[in-house]
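Inspection log for the structure reproduced underneath, given as structure tokens.
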Amino acid sequence: MTLNLGVSYPWVLLLLPLVALPWLQMPLDSRDHSCVAALPADSLSRALQIGLAVAGSAAILATLLGIADLHRVEHSIPRVGTGAHLVLLLDRSKSMDNTFAGRRADGDEESKAEAARRLLSEFMQKREHDLFGVAAFSTTPLYVLPLTDRRQATQAAIDTLATPGLAYTNVGDGLSLALSYYRDLPMTGSRAIVLVSDGAATIDFRTQEKLRQYFPELGVRLYWVFLRTSGDRGPFDEPENEQEDTPEAMPERHLHKFFQTLGVPYSAYEAENPQALEQAILQIARLENEPLVIQEKVPRVNLAHLCYALALGALLLLLSAKLMEVRAWQA
Amino acid sequence: MNRLRGWRLVCLLLAVVLLAVAITDPHYELEQPVYSFMAVVDITRSMNTRDYRLGDLDISRLETVRRTLKEMSRTLPCGSRLGVSLFTERRAAVLLMPVEVCDNYAPLAETIDHIDWRMAWAADSNIMQGLYNTLELMRDLSVREMLNADLLFITDGHEAPPPNPNYMPDLKDFQNQGEWQPGGLVIGVGGDELSRIPKHNQEGEMIGYYGADDVTQVTSFGLPEDPESIEGYHPRNAPWGNRDTSGNEHLSSLKESYLLELAGQSGLDYIRLETPAQLATDIQEQVTARRVERPVRIHFIPAMLALAAVLALYVAVWFRHIAALLISYTIIKRYLHE
């Protein structure tokens, strides 16, 4: 096991030769004696002398390490836990600014985007071992944030849902972008894209082929949280007649059908209000708990005060020796 | 030697007390300058113009902006925040709310690296409208707290198609509104000379440059200010007359005077992007820093004094010897002199 020690001010260590000082000079006062050679060489004095030198060296060494700010550096140790690599794919189209009832959001009722922002934030905060990435799409796909363990950054990305949406819904390119987050990433733990949208669109044939290839190849699952506006159609709606059953007329239903052909585990959740959205997110949380080798962060630990405590102990030894010192031969 | 004895005891006691203080890991609340920025990056076509140089390479305005933002994340004092937005069409889209730059450097740098002209959700660009809508967004109560940043509006000033000045918002709307004041910079990007604008296909490969016929050269939106004065004006068939429609809109340079005007109207400062390093430095001088108190560990101060006291314990005797030597030397010297 490595200790992962580090110092913040290495130049202080240039003073380390000072630890030799106690071996050159006793801190006690000398007494004149007519003939030192006449004094018997007793082992107790010898031991005391060495002991005091060791204590002095230890005090200087420990104080120097303290000044250099000795610490255990922040590091991570691999640990098997449960978690996932999740990419949140957010719909930034204009309609997300409306409420579930399809009205403009006002004080009483939150918009779909606001509900998604609130619940995704809670979801993220609860899942401490997951890595989160964020991608968004409107007319074009928007790379937002790579898969990261920096919660603050992920929160900042989710918070953009509080700002007005952009234009249209281009799901296909959004999915391609979200998939690209998993390239060059070691295969570990479960991988899933959580698509949060309030609408669907047709995906062109070329993109469909690409998605059918990459989803299984990269082993990414798909969750589709559909924020249904009342009166609108959803992925589970059945056509009333055959003529209506086209991707253009019922894009949600056809997108859902396409997702089922991806060859990876896929589930869709229809949320018609914030509570249903919460349920959908809870269900995803339950599913995405595969064993995963996670890098558990061991935070930095300051050791300076321990060094000082050690130095203090050594000094107290010296001090007691000092206080026991013979004042004068005559006494 | 008796006098030393008392002195040494004092040294030891002093060291003990100082170390005891150091063990408590004392802190000092130091006032530190930090910054908070929301960078709004123009990602319209003209930003692909390659009129910056990096060593022997011509690099695009957008690439220079990316380098600048990364340089800023590296050089801003820890505790500072930086967010990223994109500008195209007539508004800004927030990509990432401001995040602390040190702790989040790795993901933030990735976000910046991926800023691309292909993210544009519409092709045209109207900068005055864009700035107006951006300021409106920053003033919006629902996001003001989250943003809490100075604006960096980064653009070359090139608009496409050329806007009709009759349909422009008034940027002065934001001044003297009391509770919220726009703060920050308009940052001008690009060279003084007109340069060709690269043309790309959807895969992002460059396929040449824009020609004079590829772009709208003069405005034809809405109605002209005084139609009757335009040559060949006809209310239905030729509302903009038969004026010359040639121009240099397919070439691009930094429209500095226009940006200075916009900055002045909206109460922002203007600064020009010369090199990433220059801008990252200048920005800290141009923008008033926000002050935050940050606890700074100062355990090393009592510890250093304690160390000095401990060392004195050992070397004091030597000082006496050296002092004695020096004194005898001067005495002998004086004696010899006489």
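Each residue, glycine too, has its Cβ placed from N, Cα and C.
The feature transmembrane segment is assigned by TrEMBL to A:6-26 (among others).
Taken from TrEMBL, the feature transmembrane segment applies to A:47-68 (among others).
The annotation domain 'VWFA' is assigned in TrEMBL to A:85-284.
Under the heading transmembrane segment, TrEMBL lists A:303-321 (among others).
Taking Cβ pairs closer than 8 Å, the transmembrane segment (A:47-68) reaches residues 7-10, 12-13, 15-16, 18-23, 26-28, 303-305, 307-308, 310-311, 314-315, 317-318, 321 in its own chain, all 6 or more past its ends. Taking Cβ pairs closer than 8 Å, the transmembrane segment (A:6-26) reaches residues 49, 52-57, 60-61, 64-65, 67-73 in its own chain, all 6 or more past its ends.
Per-residue confidence over the domain 'VWFA' (A:85-284) averages out at a pLDDT of 82.
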